[in-house]
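Now, the feature entries from TrEMBL:
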- 20-45: transmembrane segment (TRANSMEM)
- 38-289: domain 'G-protein coupled receptors family 1 profile' (DOMAIN)
- 57-75: transmembrane segment (TRANSMEM)
- 95-117: transmembrane segment (TRANSMEM)
- 129-154: transmembrane segment (TRANSMEM)
- 193-218: transmembrane segment (TRANSMEM)
- 239-262: transmembrane segment (TRANSMEM)
- 268-291: transmembrane segment (TRANSMEM)
Amino acid sequence: NSSDLSPSFILASIPGLEAAQSWMAIPLCSAYVLAVTGNCAVLLVVRLEPSLHAPMYFFLCMLAAIDLALATATVPRTLSFYWFDSREISFGACLLQMFLIHTLSAIESTVLLAMAVDRYVAICHPLRHAAILTNAATAKIGLLAVARGVLFFLPLPLLLLPLPFCGSRVLSHSFCLHQDVMNLACANTTPSVVYGLTAILLVMGLDAVLICLSYILILKAVLRLAAWRERLKVFSTCIAHICVVLAFYVPLIGLSVVHRFGKDLAPLVHIIMGNIYILVPAVLHPIIYGVRTKQIQRRIL
């Protein structure tokens, strides 16, 4: 009915495997438990270890909190679908979930940029690092990241709110994403398309460019050092952050490519890429920093 402005949507299932979806939820649940455990451990360790009360690890706590929120905003709802066959999601709940996913991703991208700047200042201007990145400055950056994410991505659900949905209401994922919901509207979605693309480019795209620029400057500073051993020692302080950046941006780019060019792909590909985008960063981030940071290792043991 084209007059229905507040429809419900149907979460995607894998054709032919509906009977086995309760078993398929087991690895998803395991990954979620691992993500929650790992990120809670990071938060607790940084809280209890005085030697980690530094900007880099405060940013790591922000990253852990964002990963917890992002996974919790999606995975429990997905598990209820797999285990209790609760496939229907209301229009309001879908818009809220979509807003949380995109906003939290934008906040995470900003925090990753702040961590890159922290590495740049620590390596290229070590004597000024403590004066520039104080605890107060770190808190302000965190608040700025939240404000930036909310301001840029709050219009996305507002642009979808007045659209009619009169055709298929089956989503491509087991949670709500902007482009996925927008494609189901039976009206002109040009403003939503233009704004969504602009927001992505001005937040995630700009952050990725600035992160690359910061590492170009770091690499130039490292190459000025005389000894190779000293170069490797200095650059090794950036390895964990580089891995965290890749764990965030590679699934994000992969999901974007699937949305743009993968209309003919099997539904399984869309569902797997969506789950990778949500869970892989949340699982890998605490593992990466746990392996690379001796204080975190010791405190966990």
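Quick reminder: no glycine exception, Cβ is built from N, Cα and C everywhere.
No curator has checked TrEMBL annotations; they are predicted automatically.
A quick note: this is a predicted structure, and the numbers were derived from the prediction, not measured.
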### Task
Output the single range from 20-45, 57-75, 95-117, 239-262, 268-291 maximising the number of Cβ pairs under 8 Å to the transmembrane segment (193-218).
95-117
### Message
Mean pLDDT across the domain 'G-protein coupled receptors family 1 profile' (38-289), rounded to an integer, is what?
### Response
90
